[in-house]
């Protein structure tokens with residue numbers, strides 16, 4: 001049996017704040033095979049973006065504590081330091097951010113930024129790096145790529161910038177691509193183009209991808225597997241079809257029924273009442289219990305474990321048997 | 001352009017606009033370089049029947065937000081007319097003040113649209129007091145409305161905006177808009193920044209309030225699903241123009257304009273087993289600066305022909321109106337049957 | 001990072017106003033508290049100078065010239081005319097502080113009004129006010145103050161006018177940029193959309209939001225103004241002898257710089273302490289007012 005590309009065990013991220021520590025990610029387990037796409041769905045405060053930043057090790061060290069076990073291709077990620085860490089970030093793993101306008105450096109041209117990244121991670125000549133940059137822009141289907149190399153980020157439209165961002169992220173040939181809401185800031189007709197592009201590149205280059213989104217539709221378009229996060233924990237995971245077509249956790253069910261997609265105009269949407277818990281004052285036991293229509297006292301007794309439900313499926317709900 | 005709307009002529013629409021135009025001038029530098037023009041809104045007309053919701057959809061640069069500001073009289077149109085309950089609105093001070101009692105707006109950024117130095121109560125009582133309501137009465141209104149939008153007045157009146165979550169702040173903004181007892185409320189991407197579960201709650205609230213207070217809504221959004229859910233009529237904008245408008249179920253079921261089709265086909269499929277296989281159109285929406293004289297969608301349209309170099313009119317098609325040469329076979333577009 | 005934000009805005013049981021929040025934060029900053037104590041001691045002792053010392057600041061004794069500190073009941077020694085240094089420093093603080101603070105307050109009032117109008121009205125009004133400001137701004141401030149005071153002739157009132165004129169342009173700029181920023185926020189648009197007039201919007205929505213940066217800036221200007229007013233007196237364009245004033249005292253004690261360097265430096269120490277305290281306090285205010 002071959003080892004997965006990425007394995008995270010009991011990954012916990014705490015922020016130190018003046019008001020005491022806050023647990024943003026609370027003991028999550030993740031595994032990812034080579035070439036697999038994992039979608040993480042969650043609302044703001046669910047810990048999905050923090051998880052991504054922990055995987056890339058870009059959280060400010062002075063203010064954060066990462067615990068648990070994190071291995072990428074056998075490498076112990078949490079113990080990386082100095083040069084190894086720099087090689088890991090952008091080399092083994094790279095990230096596409098939500099806002100290409102702020103994630104790209106405004107004072108350098110796209111070409112310079114890509115070729116510099118290539119040279120940082122591979123021993124190639126300046127000329128070869130530039131050739132690689134051109135190749136990358138062609139790969140992300142930017143029209144007239146040769147002339148675009150000399151463009152500054154502000155000279156490009158939102159969709160072009162996000163393509164350039166993807167080119168930059170893929171330039172060093174990462175084993176794992178992290179995409180943090182990469183299409184959220186884009187227009188509808190551009191969003192679908194970028195999703196299709198990412199899907200295609202992922203297939204061609206064979207890298208594993210974690211795709212964070214709050215949009216169920218976007219997750220459905222790209223994910224092989226889906227993990228649903230709530231208040232720093234994974235509450236349900238399984239193949240995309242399993243989770244989205246037959247959600248088992250009450251939160252996933254609520255999230256899917258509260259999207260306007262399926263709602264009938266003129267009738268109320270089945271919205272989840274209340275709002276996500278304050279991470280500084282987490283409720284005892286299952287964090288969703290205060291909003292859950294099916295909660296009983298058992299839900300407050302302990303944090304429910306993710307229990308295997310056959311195949312890829314795992315759900316963290318104590319009342320699973322009764323509600324299924 | 002007729003100013004008869006989609007409703008039977010005997011009912012007077014709550015709000016209507018006829019041939020609104022707004023062009024902004026951008027000057028690259030002061031040194032004699034010719035000025036460039038942003039066609040923010042061109043030839044914009046609609047009727048908002050009493051008690052209904054008009055959805056406005058489009059992508060960035062399509063003029064949605066300028067439209068909202070034109071309708072609120074926050075920017076002055078170059079030409080065209082806005083009518084409130086059939087009465088033309090002049091820009092005289094008194095008229096405007098009266099108009100602003102009747103038409104209110106909720107913005108996208110729940111945080112920027114509340115003054116950080118004012119308590120929730122002060123924010124809500126501000127507008128009524130501007131219109132001469134006593135502090136006592138304004139307070140009573142604030143408490144009643146906060147309670148109605150689902151925020152316990154005893155807990156929230158004394159708080160400051162930064163102490164609230166995004167969803168709570170947007171509820172405050174809704175209460176604030178309702179404090180003047182308006183007839184029409186314009187929502188400019190009002191739920192776009194909210195989490196999905198909160199968005200659903202707010203949409204339900206909006207529907208309840210509409211029935212309860214007899215309101216009419218203009219709902220501007222880039223989210224096609226939200227617009228389909230909340231609107232009776234929908235208006236699709238592209239580069240400052242309405243390309244298609246009509247009853248929401250008709251437009252969504254049988255979109256006629258190629259852009260509307262592309263927009264609808266761009267929605268991600270919620271079913272992982274039936275993914276979208278090809279992007280309906282390529283490229284980004286162009287910037288609305290210095291537009292060509294013809295159909296504005298033509299450069300990205302799969303059906304563009306030479307006739308598309310001239311500006312199409314809005315053509316009636318049952319209850320919908322489409323701005324496309326293909327909508328009328330007599331115009332000579334060879335693929336006219338495509339949108340029948 | 002949304003998570004930490006969420007957690008940090010953990011809801012208090014009772015809401016506090018912005019300014020009481022700023023005050024509490026300021027009290028938690030040790031440097032700011034130290035500055036406030038230093039300033040309070042100097043200001044209060046200047047106000048209550050007659051109660052703290054029995055000497056007359058203007059009358060000295062020729063035999064007691066330039067005595068070192070701690071001699072014969074002169075705690076800080078005597079100056080070149082045999083007057084008690086402590087008394088002169090306390091009384092001198094009155095004039096120095098007034099000449100430092102008053103121009104800033106006047107500039108705050110005049111410059112703040114101009115800046116708010118320029119920022120809120122925009123268009124031509126803005127262009128005229130800001131270009132006029134730029135003209136004044138083009139000169140180095142201390143030179144301009146000297147030139148104006150020199151042209152008007154020496155004297156307190158003229159020094160006051162000179163300092164005020166010099167301090168107005170930076171005040172206008174800061175106010176204008178703060179106003180422009182606030183004016184473009186949605187809540188101002190919402191206020192317009194609810195039919196409020198310009199003055200109401202400025203009073204309710206603009207002032208409260210531009211006050212923080214302006215107060216910070218005015219506090220830092222205080223430190224500059226103290227030094228400039230002392231400078232004007234030093235070169236004879238402000239206070240006239242025998243009125244005690246720190247800048248003037250520095251000048252008259254120049255002759256003693258070799259014989260009694262400690263005494264000659266004392267007025268400078270006070271100028272330095274007040275100026276530095278205002279400067280550090282403005283930094284403290286800035287971080288205390290930064291809400292997020």
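Each Cβ is built from the backbone N, Cα and C atoms, and glycine gets one as well.
According to TrEMBL, the feature transmembrane segment maps to C:31-52 (among others). Remote same-chain partners of the transmembrane segment (C:31-52), defined as residues 6 or more beyond its termini with a Cβ less than 8 Å from a stretch Cβ, comprise 87, 90-91, 93-94, 97, 270, 273-274, 276-278, 280-281, 283-285, 288.
Annotation comment: TrEMBL describes C:93-282 as domain 'ABC transmembrane type-1'.
Annotated transmembrane segment per TrEMBL: C:97-122 (among others), in sequence order.
For C:142-168 (among others), the entry in TrEMBL reads transmembrane segment. If one looks beyond the transmembrane segment (C:142-168) by at least 6 residues along the same chain, the residues whose Cβ comes under 8 Å of a Cβ in the stretch are 99, 102-104, 106-107, 110-111, 114, 133, 136, 221, 224-225, 228-229, 231-233, 235-240.
Away from its own ends, the transmembrane segment (C:210-237) comes close to residues 18, 22, 96-97, 99-101, 103-104, 107-108, 112, 116, 141-142, 145-146, 149-150, 154, 158-159, 162-163, 166-167, 170-171, 174-175, 178-179, 182, 245-248, 250-251, 267, 271, 274-279, 281-282, 285-286, 289 of its chain (Cβ-Cβ under 8 Å, at least six residues beyond either end). What TrEMBL lists as transmembrane segment is C:210-237 (among others).
What TrEMBL lists as transmembrane segment is C:257-281 (among others). Using a Cβ-Cβ cut-off under 8 Å and counting only residues 6 or more beyond its ends in the same chain, the transmembrane segment (C:257-281) has close neighbours at 31-32, 35-36, 38-39, 42, 66, 68-69, 76-79, 85, 89, 92-93, 96-97, 100, 219-220, 222-224, 226-227, 230, 246-247, 249-250.
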